[in-house]
């Protein structure tokens with residue numbers, strides 16, 4: 001048996017039909033972005049990135065908000081929206097989903113209060129696949145939360161494997177890990193010292209791949225260097241491209257041949273310390 005629905009289908013207060021409906025034979029486009037605070041991102045015109053993306057589904061992380069700003073609500077293309085806000089800390093964490101298509105089933109959280117009070121995961125079932133929008137817990141300065149992160153990784157691996165038995169899965173968002181040395185600018189300086197590049201975190205990501213899933217961007221670009229999605233605000237890191245690849249599309253291996261393209265949108269420099277990523281596939 002699959003996971004039970006525990007939240008009703010979400011819609012805008014005043015739902016409108018999307019400006020453009022995807023035809024059954026058309027590929028689907030998914031956009032993912034850690035906005036580092038949705039309200040702040042919108043004030044920097046980040047809503048235009050979403051509006052102009054023409055994505056069928058938009059997944060946002062680190063929203064830090066309890067409601068969608070008016071600029072987001074006014075985007076006519078997305079009649080179905082859900083913002084999952086942190087209960088334990090206001091202005092912290094949070095994930096959101098915007099969709100042109102109505103999901104069949106929506107589940108908020110992983111089923112463990114240690115993570116669900118900070119709103120880390122939205123699971124949405126569509127006709128042909130499951131979408132999991134995620135903001136993975138950071139292991140923290142000094143790796144103080146690494147043990148808790150390990151608990152998360154076990155839970156999410158089990159969930160991915162469970163859902164994959166039902167339908168193909170697309171695991172999307174800020175995974176807070178640089179899998180290989182190629183995925184960050186300074187691997188030697190950060191190895192086992194900095195959250196996101198410990199042996200434990202990297203091995204946990206590898207376990208996901210070994211369980212029948214594929215890191216889409218790296219599959220398509222196996223040797224590309226400098227392909228980062230996050231840059232610190234310190235030290236002019238973005239201009240120097242001293243970054244990390246923390247944002248991913250991880251999909252069921254059996255649909256990898258359905259992928260048309262996967263992009264890191266480094267050209268989008270305003271709105272957040274992360275850039276958006278996008279995936280287009282037939283599904």
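Just so you know, glycine gets a Cβ as well, placed from its N, Cα and C.
According to TrEMBL, the residue from 34, 39, 203 that belongs to the Mg(2+) site alongside 62, 174, 176, 273, 274 is 34. Residue pair residue 174 (Mg(2+) binding site) / residue 247 (site 'Important for catalytic activity') shows a Cα separation of 4 Å.
Annotation for residue 176 (Mg(2+) binding site): same-chain Cβ neighbours under 8 Å, separated by at least 6 residues, are 135, 136, 137, 138, 139, 195, 196, 201, 246.
For the recorded site, residue 247 (site 'Important for catalytic activity'), the DSSP three-state label reads strand. Cβ proximity to the Mg(2+) site centre (mean Cβ of 34, 62, 174, 176, 273, 274, cutoff 8 Å) flags the following additional same-chain residues: 36, 61, 135, 229, 230, 246, 247, 272. A Cα-Cα distance of 12 Å separates residue 62 (Mg(2+) binding site) from residue 247 (site 'Important for catalytic activity').
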